[in-house]
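S.K.: So that we are looking at the same thing, I have put the structure below in C-alpha cells.
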C-alpha cells in the first residue's frame, strides 16, 4: 500500500514546536519552555507529588496533552468546580518525531516541577527514553543528594506482541497502557499521597497491563522518505510498533472484527502461551478489567466504535468482566491506520498487599480538564441487552378508512403500474445519475418501488384506504429508499397524508387530490430551497401539481416537459449542483430525480 505522506506544516523541523505552541494557546493553564520543548503546569501545587512524562513527538495527545488538570484560575472563577479536577502530569518533555528528548531537556523539566513532596518520572519502555530520562534523574540526584530519594522512575512495558524470548533483555515495549498509569498515578498524587505511595501504585498498575496493536499500514514521518511497507491492499500487521517497528505477524485477507479481536485478546489474557502470559489472569470468570481501545492516529471514529463493541463482546464471552471502557486517541503513531487494545487486570477482592480495585477505579474516574484525556462514563458498562432494548411505542390509528378511491381496483392498478415503471427505468435513471450525481438514484427509486409493490400485495396499500396507503408509502420512502431522495419523498407523502386527512369528502376525487397535492408541495418547500427551474425532482412535481386543474393529461404533459427541460438547465440545488455545469450541459443528461417523477406520473395516468 502507499502510505499517506502529505502533511500540513511550515517545515518538518518546526512542526513539534509549532504544535506545542498551539496546545498552550488552546489551554491557558499550560506554559511552554520553547528552548527545551517542555510543556508544564503554569501554576503548580508544590505541596504534592509531581508527575513527569515525555518521549518522542508524533504520539499526540501523548505526552504533552496529559499535562494539567486542576486550574487555579478556574477555581477562582467557579469555586464549585475547582478541586474536583485533578492533574495528570505537571510536565511533559517532547523530543523530535519518534526520537527521545535529550537528558538536558529532561533535567530542565525536573527543575520546573521541583517541589516539597517528590517527583515521579513515567516513561514508556524504549531504549532512548529509558536512557535519557534515567540519565537526567541520576544527574539530578547527584546535584541534589538531599532529594535523591524523592525522584522515582517508572518504566512501563505493556506490549504483548514481543515474546518473552525476544524481549528477555530489553523487555516489553511501552504502548498505550502507559496512559492508564499516567491517569491513576496522577490522580493519586493529587490526594496528597507520598511519593512512595504513588510510586508503588504506578508500579503495580504497570505490572498488570497488556497491550496489542494492529495496523493496516505504517505511518509517515514528516520530512522523511515514504516507506515501502510491502503491506498488501488486503493485509494487516499484528503487533506493529508505534514507531513503525515490524509486528508479530501479518494476516491476509483482513479478517472481520469478530475474528480479529478474539485473537488479539487471547495474546493478552492467555496463561498457556509460554512466550506471553505476562499478566496473571485466572480465566475462571472472576477476572475484572479496564478496557482501553486506542486510535493509532488514522482510524475513523466509525471504525473505532466497532472495535470497542467487538472487544467488549469478546471479553464477555471469555467470562471477563469489563468494569470500565475508555476509547479514543491516547497514544497515536502520527497517521497510522490502526488501533491498539489495552487491558488492565484489576486486583481480586481477596488479593493482599495490593491497592484495591475500588481505589484504582476511583482514581481512573476522577475528573480532569487535561486536554488529552478522553471522557468516560465512570461506571460499569451496561450489557448490550440493556442499551439495545427498545421501549414499546404504540400509535393509535388517527384516521378512519372513510377516504376511498372512486375505483379501488383502478387505484391499485395505477400504483402497481407506477412501481413497475420505476423498476424498468432503473438502468436509464442510474446512467443519468452516474453523470449528474453519485450513481444511486435509480437503485434508490427501485428499492422504494419494490417495497411499495410488496405492501400492495399484502393489502397495506389499497384504494379502500387512501389515507392509510399514503402514510404507508411515506414510511416506505423513509425506510426503503433512505438518503436525500427518501427524505424528500417521505416528507412529501407525509404532508400529503396530512392534507388528505382534512378532506371532508369520503371519496378521493381529482379535486381532493389537487388540493392535497398543492398543500404537500407547499410543505415540502419549507425543507428544500429547490424551486422551479432548479434541475431537481421539484421541477416536474411542481409542473404536474400546478397544471392538474387543467386535467390529468395536461398535468402529465407539463411534468414531462419540465423533466426533459432539465437537460439544458444549470443546477441550482440537489446533487447536480456539485457537478461541473459545463460537463452537464455538454452531456445534455436529464436530471435523474426529475425523470423518476416523470416516469411515475406517466404510469399513474395510463
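Every residue, even glycine, has its Cβ placed from backbone N, Cα and C.
I grabbed these lines from TrEMBL:
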{"type": "DOMAIN", "residues": "11-373", "note": "domain 'DhaK'"}
{"type": "BINDING", "residues": "56, 57, 58, 59, 124, 129", "note": "substrate binding site"}
{"type": "ACT_SITE", "residues": "243", "note": "active site, tele-hemiaminal-histidine intermediate"}
{"type": "DOMAIN", "residues": "409-606", "note": "domain 'DhaL'"}
S.K.: Limited to the domain 'DhaK' (11-373), I'd like the whole-number average of pLDDT.
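M.R.: Averaging the confidence scores along the domain 'DhaK' (11-373) gives 92.
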S.K.: Residues other than 56, 57, 58, 59, 124, 129 within 8 Å, Cβ to Cβ centroid, of the substrate site?
M.R.: 54, 55, 62, 63, 95, 97, 98, 99, 100, 126, 242, 243
S.K.: Going by a 10 angstroms cut-off between Cβ atoms, which of the recorded positions 59, 124, 243 has the sparsest surroundings?
M.R.: 243
S.K.: Give me the CA-CA distance between residue 59 (substrate binding site) and the residue listed as 'active site, tele-hemiaminal-histidine intermediate', in Å, as a whole number.
M.R.: 9
S.K.: Largest pairwise Cα distance, Å, within the listed substrate binders 56, 57, 58, 59, 124, 129?
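M.R.: This binding site's residues have a maximal Cα-Cα distance of 14 Å.
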S.K.: C-alpha of residue 124 (substrate binding site) to C-alpha of residue 243 (active site, tele-hemiaminal-histidine intermediate): distance in Å?
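M.R.: Just about 12 Å between their Cα atoms.
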S.K.: Using Cβ atoms only, which residues of the same chain lie under 8 Å from residue 56 (substrate binding site) while being at least 6 residues apart in sequence?
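M.R.: Once residues fewer than 6 apart are set aside, residue 56 (substrate binding site) is near 94, 95, 96, 97, 98, 99, 100, 101, 128, 129, 243.
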S.K.: Could you list the residues of the same chain, at least six apart in sequence, whose Cβ is under 8 A from the Cβ of residue 57 (substrate binding site)?
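M.R.: Listed in sequence order, they are 15, 16, 19, 94, 95, 96, 97, 98.
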